[in-house]
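Novice: This is the structure I want to talk about, given as structure tokens.
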Amino acid sequence: MMNKLYIGNLSPAVTADDLRQLFGDRKLPLAGQVLLKSGYAFVDYPDQNWAIRAIETLSGKVELHGKIMEVDYSVSKKLRSRRIQIRNIPPHLQWEVLDGLLAEYGTVENVEQVNTDTETAVVNVTYMTREEAKLAIEKLSGHQFEDYSFKISYIPDEEVSSPSPPHRAREQGHGPGSSSQARQIDFPLRILVPTQFVGAIIGKEGLTIKNITKQTQSRVDIHRKENSGAAEKPVTIHATPEGTSEACRMILEIMQKEADETKLAEEVPLKILAHNGFVGRLIGKEGRNLKKIEHETGTKITISSLQDLSIYNPERTITVRGTIEACANAEIEIMKKLREAFENDMLAVNQQANLIPGLNLSALGIFSTGLSVLPPPAGPRGVPPSPPYHPFATHSGYFSSLYPHHHFGPFPHHHSYPEQETVSLFIPTQAVGAIIGKKGAHIKQLARFAGASIKIAPAEGPDVSERMVIITGPPEAQFKAQGRIFGKLKEENFFNPKEEVKLEAHIRVPSSTAGRVIGKGGKTVNELQNLTSAEVIVPRDQTPDENEEVIVRIIGHFFASQTAQRKIREIVQQVKQQEQRYPQGVAPQRSK
């Protein structure tokens, strides 16, 4: 697809040859024709990088016949839809910060980094609606970050310019959550590097890491802010499998050189982080896969203990010892196995027919795993690359049991509107500020991200230890909002590092169904507690409210609480269906 540029604020004296010469002088040669109008012109570039270079080099900077010319993408009003391009992003800006900024103005479907030779970064962003894209352009144009000012343009929305029937888009992989195998699946390599080597990997003014990313066509995120004071820092590498392996090899060489020069360490092992759900398949039956990799590459491979895992740290550390060449070869084989496991799991997830409408498991982003949510510059034009791997996304069995009566699909608007639910979540009083954020920024962003209403109820007294957060929204919104709140409390150290975040949640159920939740002799509630690991309390002597509802208390970690909430809602739904089937109180006959 050609990148058509608009050249504005031209003097009437300007000719097509003037423009050709000016572009040529700036080493921006025009291959196609110049379409000259009165006061403006259009030119085409087949490559997006050249188009970006022309905009950055000329717009507002070059005078032609006494007038400063303007250069931008030419996007007709009918094509000004959901896609925008943001340029002049600081090279050192953490991707997580940019993600949060974009989410303030709407639901981001896709963010694609554009590989350019400019010092600053460029991303193409697709919002869910054209209104959100318009708002983002209005609010972010000229947004100052340190000494950098964002430059934003509309770019053509391929789905608008060449519309196709919904079923074709689904088959071809357009839209979030699609499982098309035609596109490159992004499964990043995560490694741990000693903190003392981080500076060497980045290099003076970021030159070393820029060289790595340029040579390997990769994006390398060094999560320096994670685990302050820790001996090791996670690094995430997004690229093709070949690019990932080459970037990993270069990082190993830099670390070994630094270790030799500083004599800080004799050996620098390669430490790969992998989600626990994949490790069994990497090891293989009786350890055969791992032994084969060790034998073929001449390395020694060990894997961290299961005891180091928690719900907030689902990754195991795979330590590879050997020469740089041997470790690099082992990385290739290890990642082959991990990618295969990931792709199989994602295929299973996408085939699930038992999930929430429109639930994009990979994009939930409910816990801070150190992964950027920006996809890599992979995937054909117009097809968003697969979302980054989220550790909890592969638990297809967990999700299918959690949401047994909902259907997954990339087009949520094709389904009936999901039922609204209200949950009261109790958080430590001292955490209220962190949840609200500066001038309410965090809670607003969270509400937009989750698609829920989130309010913090007034304190019942001056010395209360907990405050109630009222969340209203459909099941997926509840999952996202509650998950982010659990994660935020962990991130902000309101709980000890080795302590799981356990919160109390209240849901209201019709008083007529409370007995069914308890079960005969407490059998149902006991089974529920055993199944979910949550504490479930249904007070027997509770007086129903004006809506004839009573409160069920649920106490536990995030997954435990979510499972209990879903199962209780399921019981309530079953009772409702029975009441609709037998409205006159005629109970179904039971066979003895």
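Cβ atoms are placed via backbone N, Cα and C, with glycine included.
Got these off Swiss-Prot a minute ago, pasting:
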{"type": "DOMAIN", "residues": "3-76", "note": "domain 'RRM 1'"}
{"type": "MOD_RES", "residues": "S11", "note": "phosphoserine"}
{"type": "DOMAIN", "residues": "82-157", "note": "domain 'RRM 2'"}
{"type": "MOD_RES", "residues": "S162", "note": "phosphoserine"}
{"type": "MOD_RES", "residues": "S164", "note": "phosphoserine"}
{"type": "DOMAIN", "residues": "186-251", "note": "domain 'KH 1'"}
{"type": "DOMAIN", "residues": "267-334", "note": "domain 'KH 2'"}
{"type": "DOMAIN", "residues": "420-485", "note": "domain 'KH 3'"}
{"type": "MOD_RES", "residues": "T543", "note": "phosphothreonine"}
Novice: Could you state the CA-to-CA distance between S11 (phosphoserine) and the residue listed as 'phosphothreonine' to the nearest Å?
Specialist: 79
Novice: Using a 10 Å cut-off on CB atoms, tell me which of the modified residues S11, T543 is the least crowded.
Specialist: T543
Novice: State the mean pLDDT for the domain 'KH 3' (420-485).
Specialist: 90
Novice: With helix taken as DSSP H, G or I, strand as E or B and everything else coil, how many residues of the domain 'KH 3' (420-485) land in each class?
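Specialist: Residue counts for the domain 'KH 3' (420-485) by secondary structure: 32 helix, 20 strand, 14 coil.
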Novice: Quick check on the domain 'RRM 2' (82-157): DSSP residue counts for helix, strand, coil, in that order please.
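Specialist: Taking each residue of the domain 'RRM 2' (82-157) in turn, the totals are 20 helix, 29 strand, 27 coil.
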Novice: Within the domain 'RRM 1' (3-76), count helix residues (DSSP H, G, I), strand residues (E, B) and coil residues, in that order.
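Specialist: Secondary-structure breakdown of the domain 'RRM 1' (3-76): 21 helix, 21 strand, 32 coil.
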